[in-house]
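In what follows, a structure is listed as structure tokens, so that the remarks can point back to it.
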């Protein structure tokens, strides 16, 4: 197991940063181009996960376990956020019979 | 070494499929695959606790919650109206500009030391638990209050108000 992880980990730190930023910008694009509220929520989850991966990679790079503790806190926060957000979406659907976010433009003014 | 690049390609591919799939159920299934590739990334980083927690919390709890909400909402009639092309192009340009900025910044820093695991029991449960319950005991307790309030809030929001109906 140790030889396995030693063989695998000669990856430059840059590649982890690039992977995380690519997935984060995919999440940003998903928030911008979709109108379904649930898909927008899933794009937010994608962004949270890319940040988690980057924190874990930096934690291993620095040899400091604090980054992984922060990932644990982010996961707890994501669980709370998803529960409240999906409850809000269900309530919106009950009131407007749609989860299109453009229906909610009455919040604009 | 090539395992990382293969898994990275898979995670980018599935996350593109998440935002382009027309049916929201397919989108959720691709999101499950994306999170599975993230779990493999954690295993490759030897962060075993995070791999298990990612597997249980994200793939087990959060995505089941998404699927359940989707079934509750009953969107099987392909009712999503498409956004106009101008908005789509603007979204791609915005995300692309963001990505370009980060890539240029990383190139300008020019750091590319390899990620080498010096301490083999860095991400194990024993080590993380010691840190979590010594230095981060107060945030841990506060996060339990956060989860409780989120649970109460979700129940309060999702139940029907008996006076209005």
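Placement of Cβ uses the backbone N, Cα and C atoms for every residue, glycine included.
Where the annotation comes from TrEMBL, it is an automatic prediction and has not been curated.
Lifted from TrEMBL, the feature list:
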TRANSMEM  A:13-33  transmembrane segment
TRANSMEM  A:40-61  transmembrane segment
TRANSMEM  A:67-93  transmembrane segment
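Long-range contacts of the transmembrane segment (A:40-61) within its own chain (CB-CB distance under 8 A, at least 6 residues past either end) are made by residues 9, 13, 16-17, 19-21, 23-24, 26-31, 34, 67-68, 70-71, 74-75, 78, 82, 85-86, 89, 101. Beyond the transmembrane segment (A:13-33), the same-chain residues lying 6 or more positions past its ends with a Cβ under 8 Å from any Cβ of the stretch are 39-40, 42-44, 46-47, 49-51, 53-54, 57-58, 61.
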